[in-house]
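Record features (TrEMBL):
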| type | residues | note |
| --- | --- | --- |
| TRANSMEM | 14-37 | transmembrane segment |
| TRANSMEM | 57-74 | transmembrane segment |
| TRANSMEM | 80-105 | transmembrane segment |
| TRANSMEM | 117-136 | transmembrane segment |
| TRANSMEM | 148-172 | transmembrane segment |
| TRANSMEM | 184-209 | transmembrane segment |
| TRANSMEM | 221-241 | transmembrane segment |
| TRANSMEM | 253-274 | transmembrane segment |
| TRANSMEM | 280-302 | transmembrane segment |
């Protein structure tokens, strides 16, 4: 067979990258909308029972939450297909668009005000993502699932995978029960670390499906089904802790922090597994690092404009009921409402017993 000319090969690579980029943009739009719809469903479920942030699962009976799940599923399918055509370093940073969609919609539909500095943070995230995309390295696409398995079992990536699992277990078993309700990094960290492994396994499954469609059957390899099992397990864990994060913290803050951590770890995992940075110039690598720093700066700016979630603050900081003193002396009893300056009607309970249950 005569090999394709270099120009034709370059054109095919450009077309594949363009297809992957367009699918990633569509995916981000759907996922950004799903954040809002699911948050509204979580609020409705919280009004009728235990919040997801404290272990409740009433949202599973809320139709609006399922609408959000279907919307997210469409976005994830588009994202899944995008990984078949383009490298992770191109597809993943485009998730920044979901930040803009969710932050703007939250401003208008959830009354989670996005301040001017928050807008600046969103812009910084997009600028950083653009820099990363412009300097993204070309990825050598594996020709079989066994080749991907070889990449996944190399010592460097095994070290990353073991470290990611260890960190996830520490966050889930130790940090989440103690600090999950007060520190946004705990829930989002679990989603991000597990998410980096999800992308690597999903990319393997996607390549296997693409090769099978092209006539090179990959279903007979156990590695294909192992990657599929890992993908399903990681996705379930991500959904559980993403629900907790959305139910506990402001959507406009969850989205950018999740994006920054997830993108950074995913590109790191992809660079280790697929050696994306091999052969790149120092200037290109420096530009990508600057892109990361820009995204992280935007995340910090957005975090500094955070407003307390009304669903959380109304539960933890509620006015005390009037306080009565029971007085007994000289054989007389009576009740007296305490209305002095020490305990006025505006006294706020900052510690609620049910908060610690």
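Here, residue 1 is simply the first one shown, and the rest follow in order.
In case you wondered, yes, glycine gets a Cβ from its N, Cα and C as well.
TrEMBL does not curate its annotations; it predicts them automatically.
The transmembrane segment (221-241) shares the most Cβ pairs under 8 Å with 148-172, out of the stretches 117-136, 148-172, 280-302. Among 14-37, 57-74, 80-105, 117-136, 148-172, 148-172 has the largest number of CB pairs under 8 A with the transmembrane segment (184-209).
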